[in-house]
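Residues annotated as ATP binding site in Swiss-Prot, with sequence analysis given as evidence: 42-49, 159-162, VAL188, 196-199. Taken from Swiss-Prot, the feature active site, proton donor applies to HIS49. Swiss-Prot lists GLN73, GLN165 with the feature (R)-pantoate binding site, giving sequence analysis as the kind of evidence. Residues annotated as beta-alanine binding site in Swiss-Prot: GLN73.
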Amino acid sequence: MSDLQGGYKRGELTVHHDPSVLTRVSKALRGVGRQVALVPTMGALHTGHLELVRQAKLTGAVVIVSIFVNPLQFGAGEDLDAYPRTLDADLELLREAGVELAFVPTAATMYPAGPRTTIHPGPLGAELEGVSRPTHFAGMLTVVAKLLQIAAPNVAYFGEKDYQQLTLIRQMVTDLNFDVRIFGVPTVREHDGLALSSRNRYLDEAQRSAATALSAALIAGAHAAAGGAEAILATAREVLASVPEVEVDYLEVRGVDLGPAPERGDGRLLVAAKVGTTRLIDNVGVAVGTGFLERDAEPPSDASAADELLSR
C-alpha cells in the first residue's frame, strides 16, 4: 500500500505528471484487487469524453483519464498549435464526474529521447484516414501503446466516432499481446445529429449547420442498407451533394473490421469531409443487404454491459 501514499485518494482527483509514479499507483491499486480503467484523451473535453468516463465507472473501476496533445499524430499543416487546450476546465469536469486519477504528461516526459521508436499500423493505417494523414496512425498507436504501459489498466475505453482508430488499437493489442481489454463506446451526438468532437468549436454557425449533412447522409445510407453497399453509398452521396459547403474526402462501406464490405451482414459506413477548413469524420453501423444490424437486436443495458466487462 506504500505505493498509494499520496498518489491516490478515494473520492478525490489526483493529478499525476510523472509516468513512473502513475505506473506504481496503478499497479498498487490492482495489487489490492481494484480494477483500473483508462480513458485516453487529448483534452478539450466534451460530453463524448464524459460518456467514456461514465461507462468506465459503471464497472466500479478506478478511472484514469489521460490528457495529452500528442505531437506524433499531427502531420505537416495540421492543427497541433491550434488544437484547443483547456486543462483547468478539463480537470474541473473530471472532478465533477468523479474521476480519481488524471495523467497530464508533457511531450518531454512522454518522449524523453524523441520519437525514435514507433508502432507501424500495417496496411489498414494507409487506408481511409491514412490516405490524407499518412503519419497519423503511427503516432496515435505509439502514444496509446505508451499510455497502456504507463497506466497499466485492466480495460481502456475509446469512442466509436474514431472507428478506424479503435479498429487499429484492437489490432495492436491483439498482435502485440497487450494484457488489456479494449471497449468501444457508441458515438455521442448533438440534438441535431452532429457527432461530438473537439474540432466542432472551429465551426462558425453556418458551417456547423452544414456539418449536420454528415450524420444525415449516414442515417439515410443506413436506411437504404437492404439494397446493399451500392444503395447505401448512392443514398448517402445524394444527401452530401445537396450541401455544397461539405467537401467530401471519402465515403465508404466497409466490414466491421474495416475489411471489404460484406454482400450481406453487418458493416460500417464511414465519411470524412471538410467544412470550411475543419476536417470532420463520422460513421455508423449498417446492415448491408438486410437492413437489420445483428448487434442492435437487443441493445445491452448499462448494467449488463458492465457485467460483461467484469466477467471477461
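Note that Cβ sites are derived from N, Cα and C of the backbone, with glycine treated the same way.
Here the structure is a predicted model, which means the values were calculated and not measured.
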List the Cα distance (Å, whole number) between HIS49 (active site, proton donor) and VAL188 (ATP binding site). 9
Per 10 Å Cβ neighbour count, which of the binding-site residues MET42, GLN165 ranks highest? GLN165
Would you count the other C-beta atoms found within 10 angstroms of the C-beta of GLN73 ((R)-pantoate binding site) for me? 21
Take the C-alpha atoms of GLY48 (ATP binding site) and GLN165 ((R)-pantoate binding site) and report the distance between them in angstrom, rounded. 16
How many Å lie between the Cα of GLN165 ((R)-pantoate binding site) and the Cα of MET42 (ATP binding site)? 14
Rounded to a whole number of Å, the separation of the Cα atoms of LEU45 (ATP binding site) and GLN73 ((R)-pantoate binding site) comes to 18
Identify, among the binding-site residues LEU45, VAL188, the residue whose Cβ has the fewest other Cβ atoms within 10 Å in this structure. VAL188
Cβ neighbours within the same chain of SER198 (ATP binding site) - under 8 Å, at least six residues apart: MET42, GLY43, ALA44, HIS46, TYR83, PRO84
Between the C-alpha atoms of GLN73 ((R)-pantoate binding site) and VAL188 (ATP binding site), the distance in angstrom, to the nearest integer, is 23
Cβ packing number for HIS49 (active site, proton donor), 10 Å threshold: 27
In sequence order, what residues of the same chain, 6+ apart, have a Cβ less than 8 Å from the Cβ of GLU160 (ATP binding site)? LEU166, GLY184, VAL185, PRO186, THR187, ASN283
